[in-house]
């Protein structure tokens, strides 16, 4: 049962807060040491059967006398008011609550709990003493974290309350400007026809926050002290570049709508944080109860009552701030964002857990089988027509193969991403939070596999144009939320550096840097069908065009150019020198890529030397960045030599294998410099496709460790919910009363 609870306890943790939870497994290890000691002690004290029966009779007699003594004490007022169990517990542990003085705040500070084990003099008592010391450390850690988070959410609740005041005033100003210009600075129900507006006040009584629900009317004076935070769009970026810092803000319904959307998202994220905090308190209380019951069972003592009484009287159990704020948030959200529709509001605040559907597994199997069947049919058709050995071999490899290999690259990338999702979920890397997916819309690995195999079937059995039409389909089918999310990120990449760069944006751009061959095949696809060469199955128009050769270079540079612009934008926003170095890395890759492409087109010893040198520099730069900056490995003075302090995977050798593979696969460019273009049994385009597939595999490996490092950074900062930009900014020093 303990093992079962330990796994359940770990599975219900907030991944980014896992270090703040009670370390159940460590305490269980200490109890195991105590159990081993008691077992050895029992075996060493085995006695002959006759002697054992004599001692048992003496023990029974002693217990009988002790019972009579306690009964007599109860009659005379000695021990009759205390239960035998509690007397025994008092003999085991003594719990002290100490107050730490806080000189900065001028108050008594936080409480610290210390358990004194009263049986340390007994044989093996040192092990139990250590157990209670570590138990106190864990409990004090939990209390400190919980209290700090409660103080944090109380401040956030006050900020959201001020934001709601501004939103309500803005609504009134826009909906009924005539009433807004009336003599009174407050708007009541008669003036606007609106319901009274609910605003929450916080009062401090006896150094304890008391949250009460009250009503007051929204003051339009708030709008004179707030600024509407305009969203960062390409237009605002251009205006900032040209120092046009003054925006002409017109109070209209669009402003209200944008503010409502931002605040609604802020309420959803805040409510999720409150639920995390409530669940954190419950799980830790349950864990302390379980570990103490296990201690009682192993040691045959009754210490759990006294310890759990201390837990129940602590701030962890007695604090009601979180529950009250949850009620407040739900009431305000339902009233002002759902028109009083509670079911709708609760569905938004508490999205249902996504359940695995059996039909997804069935469809994955079906599409996988169809993909294999169609691939075998194509292979049989090629061999039956003897295309690879006939005079039309070159024509086929130059026209048809690039078109199908383009979608092959895409399917392989999707399959690698499915593997990433599987291992992220297995090792509890919170990829949905890192990418910013809406709750319940993230795709599991089976759904990603379904997309990959479905794309394969669509490409092989239908038209390639159908794939593009499916991607931009506006109807709510084929995971529309995910397709829209992907298209938005793609648009941000195209418009770089006009949009603020988020992790999904630069993560997607990094994927394209490993799909250079796909983009080049896409260029050929457009040229092949655009110039009409597909009618005569001839690619001479494209291959013999100088413009096509120039675009061949430009197409390959585009992903790296986008990443360079994103690094410049991130450096401009945060003045982080690391982003400047990262941009320099992509610039070196652009130079290497251009020189290699020119050498492959024109040749020459000088260009060969230049391309080899620039490619070597770019490879060293990129490999170092992959391993040290993106993966966070090769950390100095780490507990895990040549790695980092925190690792998610159970085996350290996997990290070393990944580093070696990354270096080897990074050297795929050498096939260009070494003129390793074609083998007797393999066409040039087929060899190029193999090296392109190796780069996609390298990117899949990079993806896992990149998000693992990002997840561990979130864990170190206890960052479990998204930071949502608020729509209003108050003047400095202004306090909304």
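Cβ coordinates come from backbone N, Cα and C, glycine included.
The coiled coil annotation in TrEMBL covers 143-170.
Per TrEMBL, domain 'SPX' is recorded for 3-309.
Under the heading domain 'EXS', TrEMBL lists 543-737.
As annotated by TrEMBL, transmembrane segment applies to 360-382 (among others).
Residues of the same chain lying 6 or more positions beyond the ends of the transmembrane segment (403-425) and with a Cβ under 8 Å from any Cβ of it are 431, 443-446, 448-449, 451-453, 455-456, 459-460, 464, 467, 511, 514-515, 517-518, 521-522, 524-525, 528, 685, 689, 692-693, 696-697, 699-700, 703-704, 707-708. Annotated transmembrane segment per TrEMBL: 403-425 (among others), in sequence order.
Feature annotation from TrEMBL assigns transmembrane segment to 448-472 (among others).
Annotation comment: TrEMBL describes 484-502 (among others) as transmembrane segment.
What TrEMBL records for 547-565 (among others) is transmembrane segment. Nonlocal intrachain contacts for the transmembrane segment (547-565), taken as residues 6+ away from its ends with a CB within less than 8 angstroms of a stretch CB, comprise 493-494, 496-497, 506, 509-510, 512-513, 515-516, 519-520, 522-523, 527, 583, 586-587, 589-590, 593-594, 597-598, 601.
The transmembrane segment annotation in TrEMBL covers 605-627 (among others).
If you look up TrEMBL, you'll see 647-669 (among others) marked as transmembrane segment.
Residues of the same chain lying 6 or more positions beyond the ends of the transmembrane segment (448-472) and with a Cβ under 8 Å from any Cβ of it are 360, 363-364, 367-368, 370-371, 374-375, 378, 403-404, 407, 410-411, 414-415, 417-418, 421, 478-479, 483, 487, 525. With a cut-off of 8 Å between Cβ atoms, the residues of this chain six or more beyond the transmembrane segment (360-382) that come close are 388, 396, 444, 446-447, 449-450, 453-454, 456-457, 460-461. Here the transmembrane segment (484-502) has long-range neighbours at 232-234, 237-238, 436-437, 441, 471-472, 508-509, 512, 562, 565-566, 568-570, 572-573, meaning same-chain residues at least 6 beyond its ends whose C-beta is under 8 angstroms from one of its own.
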